[in-house]
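Below is one structure, written out as C-alpha cells; the observations come after it.
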Amino acid sequence: MELLNLKKQGIDIKEQIPLSRYTFTKTGGEAEYLAFPKTTDEVEKLVKVTQENKIPLTIIGNASNLIIRDGGIDGLVIILTELKNIEVNGNEVTADAGATIVDTAFTAANHGLSGMEFAAGIPGSIGGGVFMNAGAYGGEMQEAVKSVNVLTRAGEYKTYSNQEMDFSYRHSIIQENGDIVLSATFSLKPGNKLQILDHMDYLNALRRYKQPLEYPSCGSVFKRPKGHFVGPMIIKAGLQGKQIGGAQDSTKHAGFIVNKGGATATDYLDLIHLIQKVIKEKYDIDLHTEVRIIGKEN
C-alpha cells in the first residue's frame, strides 16, 4: 500500500492504534492508520497519497475538544502535534498548527505582546483553535488572527485573510471546506509584559477554580444558545452530576462532561443526547455541541 511506502521513506505511520491514547477524554476507537508528520512536506505527501488512492482522511490537532466514537476511524488519521514551531516577528506571532494555544499565548506574552491573554488556558492546538474559532473569557481567536496558511485536499497551498476565514461563534470556513491548517499568524499589540503575564495567571487561576481539571474531559461540550447559559439550565433541569457509565456531567462545572473512570465514547454521547433531550423538553431550546464528534459507531 502507498501509505506503507511513505513509512519506508521515514514518515511516522502506525497501524491500528487506539485513539484513546491521544484524546483528552481518554476515549475513542482505533485509527486504521495514524501518521505524525514532522514537516509540511510530509503532510503534503500524506494528503496526496490519500487523494490518489481514495483513502479517507481525518485531521486531528491536540484532540482536546474532540470525541471519537468507539468504532474508530477508517483510513488515515493525521495528528499534527509534531508541527509546533512558533516565531515572533515584530508585533506578529506565527505558530504551526500543532503548536499549543497555551505555548503560543505565553510566547506572545514573554515578548510583551498583548491580544492572546484570553487563550492562556485553552488546551487545544493552533490548528484546532483556528478551525473552531476557540475562545474563553470574552476573547476569541478571530480577534487576534491575521492570516491562516492551509493545504487544500487537492494539494494546493493557500493563505486566508481574517475576513476570508469567515469566523463566527465556534465556526470558521475550514469546517466547511476541509482545508488543513498548517499555521496561523496573529497580529498583536505591544504591552507591559508583567501585566500581561499577571492577567494570564489570573485567568488560569480562575480556570482551575471553576473547571474540573482533575478528570479527563473535552472541555465545554455545548455551544451557548443565544440569550441563555448552558450551566444554569443543566442545573435547573436536575442534570448536574448525572452519570452514564463512566461519563458524568461535572459536579464542579455543569456542561463539562468528565471521565470518572472507564468511560467510553458511547457513554459520553448517551449523556450528551440525554442532556439535549431534557433541555429541549424543559426549555424548548436546542443545545448544539461545541465539541467535534467523529468516527464510526461500534
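Residue 1 is the first one shown; counting continues down the chain.
Backbone N, Cα and C define each Cβ position, glycine as well.
What Swiss-Prot records for 26-191 is domain 'FAD-binding PCMH-type'. Taken from Swiss-Prot, the feature active site covers Arg170, Glu290, and the record attributes it to sequence analysis. Marked as active site, proton donor by Swiss-Prot: Ser220.
Annotated features taken from Swiss-Prot, shown on the structure.
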| residue | record | DSSP class |
| --- | --- | --- |
| Arg170 | active site | coil |
| Ser220 | active site, proton donor | strand |
| Glu290 | active site | coil |
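Over the domain 'FAD-binding PCMH-type' (26-191) the predicted model carries a mean pLDDT of 98.
For the pair Ser220 (active site, proton donor) and Glu290 (active site), the C-alpha distance works out to 7 angstrom. All protein chains shown were included, and the count of other CB atoms within 10 Å of the CB of Ser220 (active site, proton donor) stands at 21. Cα spacing between Arg170 (active site) and Glu290 (active site): 7 Å, rounded to the nearest whole number.
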